[in-house]
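Written out below as structure tokens is the structure these notes cover.
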Amino acid sequence: MRGDHAARRRALQPLPPLLLLLLLLSRAGALHPDELFPYGQSRGDQLLQEGDDESSAPVKLASPLRFYEAQFSYLYVGTNGIISTQDFPRETQYVDDDFPTDFPAIAPFLADIDTSRGRGQVLYREDTSLAVLGLAARYVRAGFPRTAARFTPTHAFLATWEQVAAYEEASSRVPPSEELNTFQAVLASDESDTYALFLYPANGLQFFGTRPKESYNVQLELPARVGFCRGEVDDSKREGPYFSLTSTEQTVKNLYQQSNLGVPGVWAFHIGSTSPLDNIRPATVGGDLTKAHPSPSLEQSFGPTAAPASAYTEDDLDYYDENEGEVEYPPGEPGDAWNGHSSIDTSFQSKAEPRPLGESATLDPQTKEGRALGGVDSPGLNGRVKASRQPGTRGPAPSEIEGDSLDPTRGAPPPYADGGAPPSEEGAPSAHPEGKAVLLNYPVPAHTPPLGRGRQVLGVEDVIGSSTEVFTYNAANKETCEHHHGQCSQHAFCTDYATGFCCHCQSRFYGNGKHCLPEGAPHRVNGKVSGHLRVGHTPVHFTNVDLHAYIVGNDGRAYTAISHIPQPAAQALLPLTPIGGLFGWLFALQKPGWENGFSFTGATFTHEMEVTFYPGEERVRITQTAEGLDPENYLSIKTNIQGQVPYIPANFTVHVAPYKETYHYSDSAVTSTSSRDYSLTLGTINQTRSYRVYQNITYEACRHSPRHPAVPTTQQLNVDRVFALYTDEERVLRFAVTNQVGPVEGDSDPISVNPCYDGSHTCDMRAQCHPGAGVDYTCECASGYQGDGRGCVDVNECAAGSHHCGPNSVCINLLGSYRCECRSGYEFADDQHTCVSITPPPNPCEDGSHSCAPAGQARCIHHGGSTFSCACLPGYTGTGHQCADVDECSENRCHPSATCYNTPGSFSCQCHPGYRGDGFQCTPDPSSGLTPCEERQRQAQAQHAAYPGSLPHVPQCDERGGFLPLQCHGTTGFCWCVDPDGRQVPGTRTPPGSTPLRCGLPEPTQRPRTVCERWRENLLEHYGGTPRDDQYVPQCDDLGHFIPLQCHGKSDFCWCVDKDGREVQGTRSQPGTTPACIPTVAPPTFRPVPRPDVTPPSVGTFLLYAQGQQIGHLPLNGTRLQKDMAKTLLSLHGSIVVGIDYDCRERMVYWTDVAGRTISRASLVPGAEPETVVNSGLISPEGLAIDHFRRTMYWTDSGLDKIERARLDGSERKALFHTDLVNPRAIAVDPIRGNLYWTDWNREAPKIETSSLEGENRRILVNKDIGLPNGLTFDPFSKLLCWADAGTKKLECTLPDGTGRRVIQNHLNYPFSIVSYADHFYHTDWRRDGVISVNRDSGQFTDEYLPEQRSHLYGITAVYPYCPTGRK
């Protein structure tokens, strides 16, 4: 054994990093099915029993593996794309729910999978072969090159789902889907760590989700879940951590197109360790599931054109809470960070903000000219050259990139002839993503710094000294103001010099020319602060807390506030006044002939400090990066604090005495070294400590102009009135300093100075102080303000007409300034003032360069730029590139008494002789003289003649033309009884060879069918006339009442029911015993009794929601849900209620029933009976809307792809639309304006449309950035049309004309229907199986109601105690 182990160790020795990268680079395409880990029964795999919800026997592992913090010795494999450390519950408890599960789960593709009838297989085994362990090791080391560079697995567990299918309801009319999936999970472990590999080969994922079993024929599909769950971790059922990789169909599609370790279709995760592992850690070489395009090839992922690995390191991953919103549709930003869980279907974001490399270039060694890495020539000198260490453009340090350097010239594809890219379908990657070429840390000559996109530099060389990097320039091809003055501030002028141009601020402004601020005006700073500190011996971490600073420019006061730093760190940071002192130096009051920091740096620079505390010699490093001015002219800055600081006990105050600092200036750099004393006091305790601070400020200076001779290289900053405070109540750390910059001077006796120079003047804080003789001075309002200088108010340049915004632009007033914005369709020219028309990009759909099928068969859908997609027109099927005619006649679209004629892209129906109608509905023509039985007989014979393969039943008629009571099928031999109208009597169908029934015996009286009888008939029809032994059918007595004892099929499982058919709790028996049930129905009386399953609603506003076989009632108190008063309003056994709405005039509720294929209504008056108003010509009626003004109802039918209208009693029925509809669902009406709105969740082209109530002026209202618009509501009070989207997870609203679109909430779960009332929205949710309320103004979730009986909720509507002036 020892020899075998040593051999394995030698075989799995880590490859050198460069060799490992080159091996992976050798395959750049998607994963081929043959490249999965070897599997099959010949490899020792066990085969999981076929079925819909199977699980394996426990697999005893030879060596335990770690999952999160625990160790497990057994694994279970399930049909539904999941592995666990314990046996699975029933699939209904987890398959249709979102993460987390309440049991440990490793899920490469969690969905409702079914391998019955030979549709795929699931194989699994434990493996210790060198081939498998070696391949797993290479994948893991590639994904985790630092932490797993020597990972040597000893065991692997493999599970493979091969050609498996999604669960589908069995149907004789629809063949099984041909979409099959193949994927694999590999768990590799050694003694201390476990890694998971998920593999998805090319074309291995053909379906991306499955329909819930409870959805019936409502076309909903839940995307597969991919990720990991720890499960409940203790007896208190506390939810454990989890990690989610997908949440939308698009993220599932990208599984086989992208990767997080560089091989498309392969994903790696660190899932368990003996070391602390708070949550799953994914590999981070590449991979962003939210992007709808394939990932780069391996050559791009590891090669010189890839994004820097330093931006996404495994140690910098951020994790998100279960409540964190899932950003998926379209790609967006990650939501708020919380502690605990991960729901990451965005790209793997870095905790510390990544430092982008910018757009870089290399220099041709022959010509020394800049050339983009991709081989595209740079178009000329149209940008400034930036110092290589400038924030936002620097190259990564050697320690930031894992792996060895590669040749930077490899793998660059040639450009297209025209310099652009050809038209491409949506999702196809461009040759250069975002047009960028990025230079990684390769050993190139020192004279090739990263350059801006499209920029050339001649004769560049580094001159390094005093922590700054300086460029010198050759004047052979200089930049001039004529072409580049747009780089200057709008308050600056441009000057040409011998070697180039420079920007200089205008009079009454100061700065470096590229950023200019008004003299004398106050300034603001906004930013974020992050830190990893050790306070004493306690580690403290904080990320992106807010920083705000306010500076009074005319007296040098600077106030800084940092919020929500944890208390131990905030208290310990009190002595570090240089954090806020930076702003004091930037905007210090200037003595004559001296300049503050902003005059040199402008708004882009890096401030680095190293502070050493005494006597403990703790050391902390602070980096502050300025990132320019925002549109409000506020300085943006990021601060990062790393290191150790001395612990300061709570309640101690910190005092820092006034101090002086000397700053040394050179080109592009400022340095300072100083020491500070500070005292800690608490009552009579007074301790004095000190620290030494080194500061280095680097910025970009314009070296073309001669240095101003009046500004010396050394200046002194005098800091007075130093203040530092932290309070637990506010959780805000505050600094305040007063600053003045001037010459270096000793501690001589003070002399009288002008108030302008020491800040003692009385000018307004928005005014500039002008010194006079002696102590005299005058005040002048800063630029952008007006007044006498003692008081200044803002000038509205936009209203006064003193702005310089050009035509086609909009002026926006700011405090002390203004800004110009171009109107839609325009962009700024080079002068940043003139707005010029944006030339629209070529549209392949208009210029004919697309590859769609001919216009009569398909339509081209433009997605912006050169991207498009193709969709077959209604009546055709295919990819959009190729479309074939759909034979609608084979789908039985016409009435049985009509003949169907198929035509290209369409069809027509014509009633048979003896019938009249439009072909979709045919009724016997009384003038024909035939009886209904004879008409049906002729119809069946004609159908058999037209379709010889069909086997219709030919009715048998008596001598008078009536239906014989006993009917038998001439081919199958089945017989049944019929009533005088030819309708089958439920429960009478008998198989061939059975004793014939005695049919035709008249009933003594005719009475309405009861609830029990209707439910029995519906179920018998659903079961095809003959239920199986295990299917439940209600048993009714002669009067139609429920028999007190009910049993499940022919089994011995029985229970008692009350008069309404509800099970009596505690009476369910086991086989062998029968419960004693007491009748609960009194003998019939001569008076009718109220309907027992209708509960009259209370007075006031309430919600009605559809939940399968019942309609629920949920009262509102204002806008709050009165959950304790919720109840069932109406029980409808055998129905599946989907759409629901309310007629406020007659107090009637209307609903659609996809099981009964009907539209019904019921009055809310006690004792009212439901009434069916539409019972024919429906297949899957879903959305429903009532116009109480016009007494009209509108509905969608996703089976017929129709939108229809009828009077409220079902009369005057009319089809409004039956073309250009794929999956119509929600519908809403605006009675006041006479508009109709509906959604179509066509996956290829989802949309929201509108028309008049008569079906005129049809047009698309919304078709951008929507996915599955399930719910739709029109609010008559706010006049907003709003929808809930299960694809984008957003609740959005727009005005009735489609303008003013805005997002209310972007973290929904799986909404189905929505209604608005007052300032709230209420929607049903399929993930929560409940009703959720959202505030319209704030977008916040305010409440939720989860019914005790958990099943999917469908439609929802609001019932008012009065008729509003319009409805949803």
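Here, residue 1 is simply the first one shown, and the rest follow in order.
Backbone N, Cα and C atoms are what each Cβ position is placed from, and that goes for glycine too.
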Between 282-309, 590-617, 898-925, 1010-1037, I'd like to know which one TrEMBL lists as region 'Disordered'.
282-309
Which residue range, 519-544, 1065-1090, is the one TrEMBL calls region 'Disordered'?
1065-1090
Disulfide-wise, see what TrEMBL says Cys1054 is paired with, picking from Cys1047, Cys1056.
Cys1047
Using DSSP, tally how many residues of the domain 'Thyroglobulin type-1' (1009-1077) sit in helix, strand and coil.
12 helix, 10 strand, 47 coil
For the repeat 'LDL-receptor class B' (1191-1233), mean pLDDT (0 to 100):
92
